[in-house]
Ligand SMILES: NC(=O)C1=CN([C@@H]2O[C@H](COP(=O)(O)OP(=O)(O)OC[C@H]3O[C@@H](n4cnc5c(N)ncnc54)[C@H](OP(=O)(O)O)[C@@H]3O)[C@@H](O)[C@H]2O)[C@@H](O)CC1
Ligand SMILES: Nc1ncnc2c1ncn2[C@@H]1O[C@H](COP(=O)(O)OP(=O)(O)OP(=O)(O)O)[C@@H](O)[C@H]1O
Ligand SMILES: [Mg+2]
């Protein structure tokens, strides 16, 4: 779901967004024009007022008004739009060990409104993920060390450049990358993904970083520091590791909001969605919380649904994704109770969105 105010909300007014548009690549131009169309072509004054309305929806109190935000940023089903204009995303993840996570992230994006959802994964993972669903466009191009063992450095570099070129062919067309679900921690694979992230950043493509993508950026924070189109979605463990690495301190129960704000500020410009009993979201300036709905089931894969749903930058997109997931989890739990699985929650995403923001 491409949100209306996400990237522009990173600007203080539509005017500065227009400056940004002039200097941006075609892909960003498309995204920004989409966003301005979504604003209904407001003039600066009207947009300022609209922006204030939307910002105020985030609520002055810590708890975000997530339902109003979701309603405000859910794009209309415009009969004049063609395939792809509601969003094209790519999940970079899926390896010999993990195939569920990239599937969960990629299919969730489709379920909440994206038109096209790609997965770039290793050759081993591809047939498995393709087998899960014909809806996904699965590219078997990533490599893990074991599949290129015995090759010299020269050959390894050639393969790495070929992988990058394969992804680059598509890069401009994506509205968002989701890096990390089921990526694994193979050094050669992570080295390639670092390069893919550098290219995405140069093309101003928003990047959601989750799972082993957080392992990668925690050890290479320069990949995303100062990039306002980056969203990090750490769970309890991943958050602890990030705080230790960036702030050199431990996470305690005290001052959770201040710590999150300090972390986002120190990394610079990024948005962080700290997953937990309440989801906390900060871009270093504001801190918002989403505590509504949810379920007591902690089955694996729920974070992957979130990363596939948050596929847009900025605080508003994260608030909306968190509310959607938590509502879907509560609907699934109502029905399946202790046997609730992530696939049950995915099946409730549509109902979750309709209950909060009816299509028409
Ligand atoms: N079906 C699939 O293909 C799926 C694949 N996935 C992929 O797996 C990769 C690794 O992801 P991950 O979440 O297992 O790694 P990480 O966060 O290091 O946790 C490891 C250990 O940390 C702990 N721990 C975790 N959460 C905690 C919490 N909330 N509170 C407290 N402790 C917590 C817990 O340790 P334990 O308690 O077991 O000692 C856990 O075993 C990643 O790429 C991801 O995308 C998943 O998305 C799931 C579905
Ligand atoms: N204790 C909790 N109570 C209620 N909801 C929770 C709780 N912990 C997490 N959640 C919800 O579940 C979502 C996923 O959080 P989780 O910690 O499972 O992520 P994760 O470990 O990355 O998941 P995954 O298994 O996909 O990697 C959160 O965004 C939050 O909305
Ligand atoms: Mg996770």
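Here, residue 1 is simply the first one shown, and the rest follow in order.
Every residue gets a Cβ built from N, Cα and C, even glycine.
In TrEMBL, annotation is done automatically, which means it is predicted and not curated.
Restricting the average to the domain 'YjeF C-terminal' (66-356) gives a pLDDT of 96. Annotation source TrEMBL lists domain 'YjeF C-terminal' at 66-356.
Residues or ranges marked as (6S)-NADPHX binding site by TrEMBL: 182, 235, 236, 237, 238, 239, 240, 241, 304. Take the CB of residue 182 ((6S)-NADPHX binding site) and look out to 10 A: across all protein chains shown you find 28 other CB atoms. When secondary structure is read from DSSP and collapsed to three states, residue 182 ((6S)-NADPHX binding site) falls in the coil class.
According to TrEMBL, the ATP binding site annotation covers 275-279, 294-303. For the recorded site, residue 295 (ATP binding site), the DSSP three-state label reads coil.
Taking the binding-site residues 236, 299 in turn, the residue surrounded by the fewest other Cβ atoms inside 10 Å of its Cβ turns out to be 236. In this structure the alpha carbons, written CA, of residue 277 (ATP binding site) and residue 240 ((6S)-NADPHX binding site) are 15 Å apart. When the C-alpha distances from residue 236 ((6S)-NADPHX binding site) to the binding-site residues 279, 299, 301 are tabulated, the minimum falls on 279.
Under 6 Å, Cβ to nearest atom of ligand 2: this is the test, and of the binding-site residues 182, 238, 275, 279, 297, 299 it is passed by 275, 279.
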